[in-house]
Amino acid sequence: MFRDLKPAYLFCCSVLYAFSVLRPSQGISVSTHHNLHKTVGSDVTLYCGFWSNEYVSDLTTLSWRFRPDNSRDIISIFHYGNGVPYIEKWGQFRGRVEWVGDISKHDGSIVIRNLDYIDNGTFTCDVKNPPDVVGTSSDVHLTVYDKIPPVGAGVVSGAIIGTFLGIILLIVGGLYLFRYIVRRRARSETSFLQRRRSAAERGKVSGKAGTVSKGPVLYATLDQSKSGKGASEKKSKLSESKRDKK
């Protein structure tokens, strides 16, 4: 039984050893712009950046290819290998391509000068950095115009809609602010009038209380004056009776 399991055991050990010692190739990532718009006679920089787990060496290769619009033909316009850039010396890009990248900085950019209508198409950047050889290339589409590229209908409609919505928001905000100010003023005026009314009512109540309290005082004063007159009359009568007796 154990003899039958020995080959399977050896196979598993060999697989584990291979995974632990041998490092599989990693995928390389390449990035470019998506769309570029230029005018006739101008220059364009085709950016190509890449990322790899491996160090850049002389084994690193980079290439640029071009496919014109409405065509399936693919034209090689640039190649980098063994640490040296190679620019194609024939075809429509002859004398117009310049290497401006730096492989050590993961930059594979080129410049195409004096653009023309025949340069409309898709440019593809492909990078290999062994053992990172698995990955996808990146494309950038170039459109060459006679003048400044016109603004798209979508951009114009978006700007109009955005402006219209902004005006509506400003109007609504202004109305809410106006209503808030009016309500605040009305509340302040109402509270002021209420304070005045309460003050007037308090003044009336205090005036009535003063008139009511003066009644007993007046009656007491009258009583005192009457009692004083009666006492003086009694005294005068007593003095007259004494005189008559004498």
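For all residues, glycine too, the Cβ spot is worked out from N, Cα and C.
Features reported for this protein in Swiss-Prot:
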type	residues	note
COMPBIAS	231-246	compositional bias 'Basic and acidic residues'
DISULFID	Cys48-Cys125	disulfide bond
CARBOHYD	Asn120	N-linked glycosylation site
REGION	200-246	region 'Disordered'
SIGNAL	1-27	signal peptide
TOPO_DOM	28-150	topological domain 'Extracellular'
TOPO_DOM	179-246	topological domain 'Cytoplasmic'
TRANSMEM	151-178	transmembrane segment
Could you say whether, by DSSP, Cys48 (disulfide bond) belongs to a helix, a strand or a coil region?
coil
Rounded to an integer, what is the Cα-Cα distance in Å between the residue listed as 'N-linked glycosylation site' and Cys48 (disulfide bond)?
18
Determine, from DSSP, whether Cys125 (disulfide bond) sits in helix, strand or coil.
strand
Average the per-residue pLDDT over the topological domain 'Extracellular' (28-150) and send me the rounded value.
93
Same chain, 6+ residues apart, C-beta under 8 Å of the C-beta of Cys48 (disulfide bond), given in sequence order:
Val30, Ser31, Thr32, Leu62, Trp64, Gly101, Asp107, Gly108, Ser109, Ile110, Cys125, Val127, Ser138
All-chain count of other Cβ atoms within 10 Å of the residue listed as 'N-linked glycosylation site':
16
